[in-house]
Amino acid sequence: MSGKGKVIIKLPKTVIPVKHVEPVLIDVDKLLPHEEIVPGRLKDLMEKIRSEGVVDMPIIVTPIPGIDKYLVVDGHHRWAAVKELGYKKVPAIIIDYFDENVKLKTWYPAIIGSINKLLEEIKKEGIRIEECKGKDDVLKDEELGKYAFVIIGKNNECYKIYGSINEQKIVSKILSKLNLEGEYTLVYYGEKDEALRDLEEGKIDYLFLRKPPTKNEVIEIAKRNQVYSPKTTRHILPYIPAITNTPLDKLK
C-alpha cells in the first residue's frame, strides 16, 4: 500500500450467497437512518437512479420496537436518493434485526502517512487527546468504549481521543478532509485482527480503534433522530440481496 489521497477498503474474503427476495414498498418517511449521508455519494447515486429509471437493489430495514417506523440497516444512500428525487416509496427487505445470523461490527480507520496534522486539527476542535501509558490496556472493547477513538501507531505510539458519537463525527470528518487534501492514504478495515496485523507488519502507520456499537444502541440512536458518522456500522447479513431493478414508476 502506498500513495496519498486514496481510500482503501480491506475486508476478509468470505463467500456470502446471493438470494432473491421480493422487495416490499415502504413509505420513505417511515424510515429512520442511523448513519450520516455523504453528499457526494448521494449526488452520484441520484444521477444513477434518475438515468437508469430503476432502484437496482432493495434497502434492508427492520421494525423499530414501540414506534411505527423502520430502521435503515443497509442502503442509507439509496433511501436518501429516492427521497431527494421526490418519490414516496422505496423498495425494501424487512429483516429480524436480532436474528443471530445478522452480525454487527464496526469499521476501523487507519492511515498511511503522518498523523501530526490530524492531531493538530483534532485539538483545534477542542477535543481532548492524551497519550496512553500502555496500548495493551486500551485494546479491549470495554476500554475502547470509554473513548471516541484510541489511536495506536507502529512505534508503540498511543493516543486516547476523549468523547463519544459527536467526537467520532468530528474526527471522521477531519480524517476524510485531510485524505482529500493528500495528507495520507486512508484505509478502512472490516476486521480488527487484520488491522492490528497490518500495523505490526508496517503496512499502515496508525490505526483508529473503537468499540463496535450494539444493535440496541443503533436503534436508540435512530429513535433519538441522531446518526453515527459514515462507516461506523458494518452489518453482515446471511445473504446478499439479488438485483431486482424496481422501476421508479412504482415508487410514486
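Just so it is clear, glycine is given a Cβ too, placed from its N, Cα and C backbone atoms.
Features of the protein shown, as given by Swiss-Prot:
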- E35: active site (ACT_SITE)
- V73, G75, H76, H77, W107, K231, T233, H235: O-phospho-L-serine binding site (BINDING)
- D74: Mg(2+) binding site (BINDING)
C-beta crowding around H76 (O-phospho-L-serine binding site), within 10 angstroms: 22
Conformational class of K231 (O-phospho-L-serine binding site) under the three-state DSSP mapping: coil
In sequence order, the binding-site residues (W107, K231, T233) whose C-alpha falls within 10 A of E35 (active site): K231, T233
Close in space, distant in sequence - W107 (O-phospho-L-serine binding site), Cβ under 8 Å, 6 or more apart: Y188, Y189, G190, K231, T232, R234
Chain-internal residues, separated by at least six, CB under 8 A from T233 (O-phospho-L-serine binding site): H34, E35, L104, K105, T106, P212, P213, V218
Inter-residue Cα distance where the pair is D74 (Mg(2+) binding site) and H235 (O-phospho-L-serine binding site), in Å: 7
Cβ-Cβ distance under 8 Å to G75 (O-phospho-L-serine binding site), same chain, at least six residues away: M57, P58, I59, I60, A92
Cβ neighbours of D74 (Mg(2+) binding site) where a neighbour is any other Cβ within 10 Å: 20
Binding-site residues: H77, K231, H235 - member with fewest neighbouring CB atoms within 10 Å: H235
Residue with minimal Cβ packing [other Cβ atoms within 10 Å] among the recorded positions E35, V73: E35
Secondary structure at V73 (O-phospho-L-serine binding site), reduced by DSSP to three states: strand
